[in-house]
Structures are given as C-alpha cells and as structure tokens.
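Since the structure comes first, as structure tokens, the remarks are kept for the end.
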Amino acid sequence: MKKVIVIGINHAGTSFIRTLLSKSKDFKVNAYDRNTNISFLGCGIALAVSGVVKNTDDLFYSNPEELKQMGANIFMSHDVTNIDLIKKQVTVRDLTSNKEFTDQFDQLVIASGAWPICMNVENKVTHKPLEFNYTDKYCGNVKNLISCKLYQHALTLIDSFRKDKTIKSVAIVGSGYIGLELAEAAWLCKKQVTVIDLLDKPAGNNFDHEFTDELEKVMQKDGLKLMMGCSVKGFVVDSTNNVVKGVETDKGIVNADLVIQSIGFRPSTKFVPKDQNFEFIHNGSIKVNEFLQALNHKDVYVIGGCAAIYNAASEQYENIDLATNAVKSGLVAAMHIIGSNQVKLQSIVGTNALHIFGLNLAACGLTEQRAKKLGFDVGISVVDDNDRPEFMGSYDKVRFKLVYDKKTLRILGAQLLSWNTNHSEIIFYIALAIQKQMLLTELGLVDVYFLPHYNKPFNFVLATVLQALGFSYYIPKK
C-alpha cells in the first residue's frame with residue numbers, strides 16, 4: 001500500500017483526499033494542517049458580517065471526522081517545516097506539544113495554500129505564515145488590526161462589525177474582491193468606510209476603466225470614501241493600550257476604529273526547499289504540469305493556492321488563488337495518483353465574478369492593460385446593449401467587453417457588467433473559448449439560441465464580436 005502525505009487540508013487538500021479515498025482504498029493518507037478546522041468558505045465572511053449568512057457553521061462543508069471515516073489519518077494543529085525529497089520524508093511540528101518528528105512518503109501532495117500579505121507597523125511587507133497564529137485575533141497582536149481568511153477572522157469581524165458599539169469607522173487597505181466585499185459589509189452595518197489602495201480604481205486588477213468607473217461611481221454615491229492611488233506608510237497605534245487608531249498614507253492619516261488588511265495573498269511555500277529543483281515563479285508558487293505534478297518531480301503534486309498553473313490567456317505559468325482552481329486541482333491530482341491520465345487541468349484563465357452594491361460583474365482572461373503590458377497587439381470591443389428585444393417591454397442594460405490580439409484575432413479576455421438581471425454565467429463560455437485558443441471569427445459563429453424572453457438574435461456577446469470584426473451595422477443604436 002502506497003503512502004501519500006498531504007500538506008494542508010483546506011479546499012484543495014480536502015478535494016484531493018475525498019477524491020482519492022472515494023475512488024481507491026489502496027493508499028494510506030497522512031494529512032497535516034496548522035489550523036484547527038478545515039473547509040471553511042472564506043467567500044462567506046463578508047456575507048456573515050453583513051448578516052446574510054446567519055450561522056457561520058454553515059460555511060463549512062467538511063470536517064476532520066468525515067475524512068477520518070473515509071480512511072485518512074488527520075493531524076490538525078501540525079505544521080510541516082521541511083521536505084527532504086532524497087529521504088522522501090517531511091519534518092512536522094506538533095503545535096500543541098511543540099515536538100518534532102519525521103514522516104515518510106511515497107507520494108507527496110503540497111496543498112499548503114496561501115496566507116494574507118500583511119504589513120507590520122513599520123510598513124515592511126513580509127511573508128511569515130505564523131506572523132499571527134490561527135488562535136490570534138489580531139495582526140501582530142495590535143487590537144482591531146486584522147486580516148481576513150479564516151473562520152477565526154470571521155468571528156472577530158462579526159464581533160467588531162455587529163457587536164462592538166465603539167467601532168464606528170473602518171479603513172480597508174486593498175480594493176480587491178475581499179476588500180470590496182468587506183467594504184460593502186461595513187457599509188451595510190452603518191459604518192463609516194474608507195478604502196485605500198495603490199491602484200487607481202477599485203478592482204483595477206480584474207477590470208478596465210469601463211467597469212471600475214461604474215463601480216467607483218456607485219460606491220461614492222453610497223457614501224464610501226475611496227483613496228485610490230494612495231500608498232500606505234504605516235499604522236497609527238495607541239501605544240498605551242496597543243489599539244490601532246488609523247492608517248498613515250502619503251495623502252495623510254485616515255482615522256479608523258478598525259483596520260482590515262486585504263492586500264492580497266502569497267503562497268505558503270517557505271518550507272519547500274529551494275535546492276531540490278522545484279521551479280518557482282516570482283511569488284513563490286510552484287510550477288506544475290497538467291496533472292498537477294511539480295515540474296521535475298513526478299512524485300510531488302502541488303495543488304490549490306500554492307500552485308502555478310499554465311494560463312491559456314497569458315501563455316505563462318500563473319498563481320491564481322481561487323477556490324474553483326483549488327478543488328479542481330485536488331480532483332485532478334487524486335485521479336492521476338490513482339492511475340488516470342484522462343483527467344487533466346490543462347489551463348486556467350482566472351474566471352471570476354463579483355456582486356457588490358447592486359452591480360453584477362464577471363471577468364476572465366486578460367484585461368486590456370495587462371494584455372498591453374504582456375506585449376500583445378491589443379484590440380478591444382465594448383458594447384452597451386439591452387439584454388432582450390425592446391418590443392418585450394422590459395429589459396435590462398448590459399455592458400460587455402472583449403480583449404483580443406489584433407494580429408491573430410485570438411480572444412484574450414472578457415469583462416461583463418449588468419445592473420439588474422444577472423448575466424455573469426455568460427463568462428463561462430468565454431473562458432472556455434480562451435482555454436481553447438478560439439478566434440473572434442469562431443466565437444462569432446457559436447451556435448447560440450434566440451428566444452425573446454431571454455436575449456436578442458445578435459445578443460450582447462455576438463454584437464461585441466461583430467463590432468470587433470467591423471460589422472458595425474449589427475450594433476444597437478445608442
């Protein structure tokens with residue numbers, strides 16, 4: 001019986017263990033995780049804070065006992081500190097007793113995920129996975145200075161937003177999806193909200209100005225303060241009781257009773273040796289093939305937030321830390337270990353969506369700005385259209401954008417915004433088109449249906465494609 005060691009038991013690790021042990025009983029599995037719980041859906045933190053999710057326990061979909069019943073040996077509060085590929089063993093520290101031991105493997109699965117990038121009070125951006133422990137409520141033990149990832153963070157934020165009457169103002173550092181969702185949650189809890197980011201626009205890494213301008217307008221209309229293009233210099237801390245009081249920026253001090261850091265994530269791979277022929281990309285994630293094997297290491301699989309997977313849009317290895325990528329990568333790795341070569345994760349394109357302040361947004365592939373930075377000869381096509389024929393009497397506005405290579409007509413990216421009716425699932429088939437390296441001429445002739453209850457003969461996707469190809473007479477009059 002082969003022995004598999006799994007490092008990390010959140011989305012990717014749980015998916016791997018469930019798949020492996022439901023398909024085969026020929027493996028012994030030892031799985032280690034630093035946390036005390038598994039499978040927490042961090043996407044629900046903002047929903048729990050705002051009161052949409054009533055019970056945070058509902059944000060778990062598995063637990064250690066379930067995996068044990070499947071046959072896995074689960075070790076919570078255990079930290080893997082080193083890997084030795086020659087001896088095929090890992091070094092593990094029991095965080096409860098502080099004792100260290102080694103464990104042998106035939107195959108190794110690295111599913112250690114990613115940890116929030118946090119700035120300390122001296123403004124040094126560091127990558128220390130235990131900068132604040134899983135049992136700690138606050139970053140660096142500074143009260144009301146918090147990050148956002150775990151169940152423990154969710155409980156702290158719920159207490160801060162919904163129970164602590166002294167917290168009236170919230171500053172959020174970072175305007176990515178987590179930062180924006182928490183900004184909306186704070187606003188729904190009647191807090192004064194300031195969002196700070198070095199980017200020029202909120203969600204600027206995922207969307208171009210045609211979409212971020214609209215998001216910015218809605219947020220400002222609702223009374224949120226946006227400090228874009230703003231650099232954080234440090235945090236204002238009351239030294240007498242070690243409580244955060246605000247954020248120091250290059251545009252002045254932002255006073256706040258609670259400060260949330262949502263700068264982003266960095267793969268938790270510091271324990272992976274740099275001298276054993278792993279291929280890392282710039283942020284420390286590890287390159288893998290279509291079966292999630294680490295390049296150069298057939299018995300080591302890397303899944304989830306610490307894997308660098310081939311991006312079909314950029315044609316580069318990229319680390320895109322999404323739960324969808326995590327669970328798929330776990331499934332593929334498990335099937336390959338069992339012996340299947342048919343299930344492959346050949347590429348990703350970063351498909352994502354956001355519902356915030358009444359807006360429905362979705363995107364995949366490259367933004368216009370990123371495509372230009374990568375050196376593509378970029379073409380764009382943007383269309384504002386109604387989703388149904390006007391003769392239906394009721395219809396909603398949709399904005400759709402395609403980014404493509406003018407030389408080859410290859411589709412590089414897409415972005416979508418709707419104000420009322422949600423059309424975000426359209427992005428799925430654009431993601432597939434990018435993964436399959438489709439051209440505009442092919443996308444424009446996809447066999448789609450027409451039914452006036454739902455769409456137009458030339459729906460907003462086809463209209464955008466046709467505009468890019470020069471068929472402007474198909475474009476709705478503005």
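Cβ coordinates come from backbone N, Cα and C, glycine included.
Quick look at what Swiss-Prot lists:
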ACT_SITE  His11  active site, proton acceptor
ACT_SITE  Cys43  active site, redox-active
BINDING   8-12, Asp33, Cys43, Val80, 111-114, Lys149, Tyr177, 295-305, 322-324, Phe450  FAD binding site
BINDING   170-185, Asp197, Gly264, Ala353  NAD(+) binding site
MOD_RES   Cys43  cysteine sulfinic acid (-SO2H)
Per-residue Cβ crowding (10 Å cut-off), top of binding-site residues Gly8, Gly176: Gly8
Of Cys43, Val170, Val173, Gly176, Gly179, Ala353, i.e. the recorded positions, those within 10 Å of Lys149 (FAD binding site) when Cα atoms are compared: Cys43
Residues that sit under 8 angstroms from Gly179 (NAD(+) binding site) by C-beta distance, when 6+ apart in the chain: Ile172, Val173, Val195, Asp197, Ile260, Ser262
Gly305 (FAD binding site): secondary structure state under DSSP, collapsed to three categories: helix
Rounded to the nearest Å - Cα separation of Leu182 (NAD(+) binding site) and His297 (FAD binding site): 40
Cα-Cα distance linking Gly176 (NAD(+) binding site) and the residue listed as 'active site, redox-active', given in Å to the nearest integer: 13
Under 8 Å by Cβ from Ala111 (FAD binding site), counting only residues of that chain that are 6 or more apart: Val6, Ile7, Gly8, Ile9, Asn10, Ala12, Gly13, Phe16, Val302, Ile303, Gly304, Cys306, Ala326, Gly330
Winner by Cβ contact number (other Cβ atoms within 10 Å) across the recorded positions Ala12, Cys43, Val170, Leu182, Ala353: Ala12
All-chain count of other Cβ atoms within 10 Å of Phe450 (FAD binding site): 12
List of residues, in chain order, with Cβ under 8 A from that of Tyr301 (FAD binding site) and at least 6 apart: Phe16, Gln107, Leu108, Val109, Ile110, Val288, Phe291, Leu292, Gln293, Ala294, Ala333, His336, Ile337
Cα-to-Cα gap, His297 (FAD binding site) vs Gly176 (NAD(+) binding site), nearest whole Å: 34
Using Cα positions only, nearest of the recorded positions to Gly305 (FAD binding site) (His11, Val170, Gly176, Ala353): His11
Cβ packing number for the residue listed as 'active site, proton acceptor', 10 Å threshold: 29
By Cα-Cα distance, the member of recorded positions His11, Val170, Gly176, Ala185 nearest Phe450 (FAD binding site): Gly176
Local backbone state of Gly176 (NAD(+) binding site), from DSSP in three classes: coil
